[in-house]
């Protein structure tokens, strides 16, 4: 099931549990605005190349729209739509004053030079500058983009609107980026996991973790979990997978991975088949890579007691049903990986105030938000007698629906 179908299904189920008016339900699903632009740039060799850029702005009932910009050769409009919608519910669950958006450019960033990427980013910004803004829509990095991309957008946007650091988040610290932003999603995963385990009288220490993915989120989650006393016994990335039942030395692995562009060949563990990683014996499984990796084919073989969805949409709805019958608890993505957008919000707040925080304050505020969100989701689970995923969806959808009705959507 693709991301859009799964998200829409979860939304409809939540709407049913909440008893939403059918007209309101329909209105909440339809995006506020979809933008599609042509971006033509001169390549380094002098030829012209055209790319399609777009932005889906889903909902702005609770505040400006927020979401990543991805540079990827197959940017599927359906998926972007789903991810924009997911951002609407995610920001509502985290209780930060945003709505959802998502966008990107259909290109292969690996095949473009730095100067070509810069020209492409600037042309894209020129085409959408009057449709984004501090109180309208605030982009952020996503697949294939980074803090440098945000710096270019900020510079180009500022040519039209004056210096506006709050127009994008995930910026370099030298240009108004927030301390702690880099580790934010991984740190949020740690805080959310702590909250879930505490609910069952456990802590991070002594639990065995398996982590799929060793990019930004996976590597930070692994480092922070192992610092908190958790035992990371298996990890995979695109290059391969390793296992060490006594716990992998994460600091050494990070060094190896940086030097060798991947974890393959690391000598602090045994190489295993990456496909068997998800079904390894462990207490907590953390999928932090791609969507749809836990499906009806492998759900029966999963041995973890808890699954923390650090990636977007890693579990198919069919797998959800199999796992809940087995008694596996799943902490859903819209709660588990909301640390990134929460610290993006802190960055935006700091930019608007013109007053920057130290890293301790950022991390302490993040812990407060993540723990409170988990508590709010649990309350919804109790009042609607549902699992954590539906608890999170009903919480998010309810907050957006209430804001929409209060603002007078039928007028």
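Positions of Cβ are set from backbone N, Cα and C atoms, glycine also.
Taking the Cβ of residue 90 (substrate binding site) as centre and 10 Å as the limit, one finds 28 other Cβ atoms among all the protein chains shown. Positions annotated as substrate binding site by TrEMBL: 66, 90, 344.
Around residue 102 (active site, proton donor), the C-beta neighbours below 8 angstroms that are at least 6 residues distant in the chain are 55, 56, 58, 67, 68, 69, 70, 80, 81, 83, 84, 87, 142. Residues annotated as active site, proton donor in TrEMBL: 102.
Taken from TrEMBL, the feature site 'Important for catalysis' applies to 142. Every protein chain shown contributes to the tally, and the Cβ of residue 142 (site 'Important for catalysis') ends up with 22 other Cβ atoms within 10 Å.
Non-local neighbourhood of residue 185 (NAD(+) binding site): 216, 217, 220, 310, 337, 339, 340, each in the same chain, at least six residues away, with C-beta under 8 Å from its C-beta. If you look up TrEMBL, you'll see 185, 216 marked as NAD(+) binding site.
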How many other Cβ atoms are found within 10 Å of the Cβ atom of residue 66 (substrate binding site), counting all protein chains shown? 28
Least buried of the binding-site residues 216, 344, going by other Cβ atoms within 10 Å? 216
Could you give the maximum C-alpha to C-alpha distance in Å for the residues 66, 90, 344 that bind substrate per the record? 13
